[in-house]
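Below you'll find the structure I mean.
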Amino acid sequence: MLASRRADSRRMLERKVIDREAAASRAGRSGLRRLLASVVIATAAHYMLPRDQGEPPPPRARDKIGPAAVDDHSRSAAASSESPAGSWKDMLLRVVRKMSAHRIMALAAGMTYYSLLAIFPAIAALVAVYGLFADPSTIARHSDQLAGFLPGGALDVAQDQLTRVASNGAQTLGLTFLIGLGISLWSANAAMKSLFDTLNVVYGEEEKRGFVKLNAISLGFTIGGVLFVLAALGCIVMIPVILGFVGMSSFGDRLLSAGRWPAMYLVLSVALAVIYRYGPSREATPWRWISWGSATAAMVWLAASTLFSWYAASFGQFNETYGSLGAVVGFMTWLWMSAIVILLGAEIDAALEHQAAAVTTASPQPLDLGEARSADTISPTQVG
């Protein structure tokens with residue numbers, strides 16, 4: 001009897017424990033469901049309910065000018081007047097970083113391809129216009145003056161094409177001539193548009209000009225390049241004639257020999273400044289006859305072309321390696337080197353514009369050198 005009562009008490013106690021655990025489990029599941037429901041409701045309210053339009057979204061760190069957008073490396077640019085050596089160091093470091101980030105070598109290779117395709121139509125257009133004023137057969141002889149600037153392979157390719165085109169004789173100004181000239185200029189225009197596209201990458205711009213405006217600008221640059229070469233050849237021919245007429249022929253030879261280098265440097269500097277200003281699709285920026293980038297690129301190009309000419313004449317073995325294509329390969333190498341130098345000057349100008357904008361808009365806390373964009377991409381709302 002006593003044992004039976006104890007067994008009943010034990011079963012009642014076990015039943016109470018089981019009922020208590022079941023109640024606790026049901027309560028826990030109910031609480032979890034309530035928690036999940038609360039999270040779902042809060043999330044839906046966050047994304048579905050209208051927000052207060054009076055408060056703008058917080059700006060990103062890279063879009064605002066302030067302590068959070070600068071680091072110790074960029075602060076030295078703001079103190080350029082106090083430490084010019086440090087600001088130049090910052091600028092050079094930015095140029096190196098951006099040349100690597102923009103893959104300048106690959107972009108220059110693309111420019112070389114389009115330039116090689118455009119060089120022969122450009123020569124055809126040059127000879128066609130030259131034939132309107134002089135005997136086309138003399139243009140190859142006058143191009144010998146470029147021997148100091150172009151490597152042997154490049155000069156050989158250009159002179160061979162000049163001789164071949166000039167052998168057709170002078171053409172009269174007519175519809176056929178104009179159509180042929182237009183086709184040649186349009187074909188040569190591809191290289192100029194390739195240069196514009198590459199400069200957009202360097203300056204961090206997207207092409208915003210329409211088809212008509214873009215082609216009008218690029219054709220203007222192409223025609224300007226042809227006219228410039230014609231003017232240069234005219235000076236090479238006329239200066240010795242004029243000086244010989246006044247009895248100074250020996251002085252004329254010395255003048256052409258010594259004066260062609262500073263004249264070429266000045267012309268290249270101005271031409272590159274024009275390309276850097278109007279080539280990329282940019283907002284209005286102040287005009288400068290010669291910029292740091294164009295002056296540096298012109299100097300580096302003259303030095304590099306001279307060294308490459310000396311190397312090709314002394315050590316280059318393009319013909320032994322590439323056979324009949326040796327001259328073409330040497331020409332392509334020189335074009336590639338020239339494209340790299342042109343893009344180097346653009347990177348220098350872009351870095352200097354960035355540095356100037358950083359100092360003037362947020363001194364003494366400029367934009368971060370690694371993240372900021374070119375000067376003309378900084379909106380007025382980001383300054384102040």
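Yeah, the Cβs are placed from backbone N, Cα and C, and that goes for glycine too.
Residues or ranges marked as compositional bias 'Basic and acidic residues' by TrEMBL: 60-75. Taken from TrEMBL, the feature region 'Disordered' covers 50-83. Taken from TrEMBL, the feature transmembrane segment applies to 104-133, 173-196, 217-246, 258-278, 290-313, 325-346.
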For the transmembrane segment (325-346), which recorded stretch in the set 104-133, 173-196, 258-278 gives the largest number of Cβ pairs separated by under 8 Å?
104-133
What residues elsewhere in the chain lie close to the transmembrane segment (173-196), defined as a C-beta under 8 angstroms and at least 6 residues from its ends?
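Same-chain contacts beyond the ends: 110-111, 114-115, 117-119, 121-122, 124-125, 128-129, 132, 207, 214-215, 217-219, 221-223, 225-226, 275, 279-281, 342.
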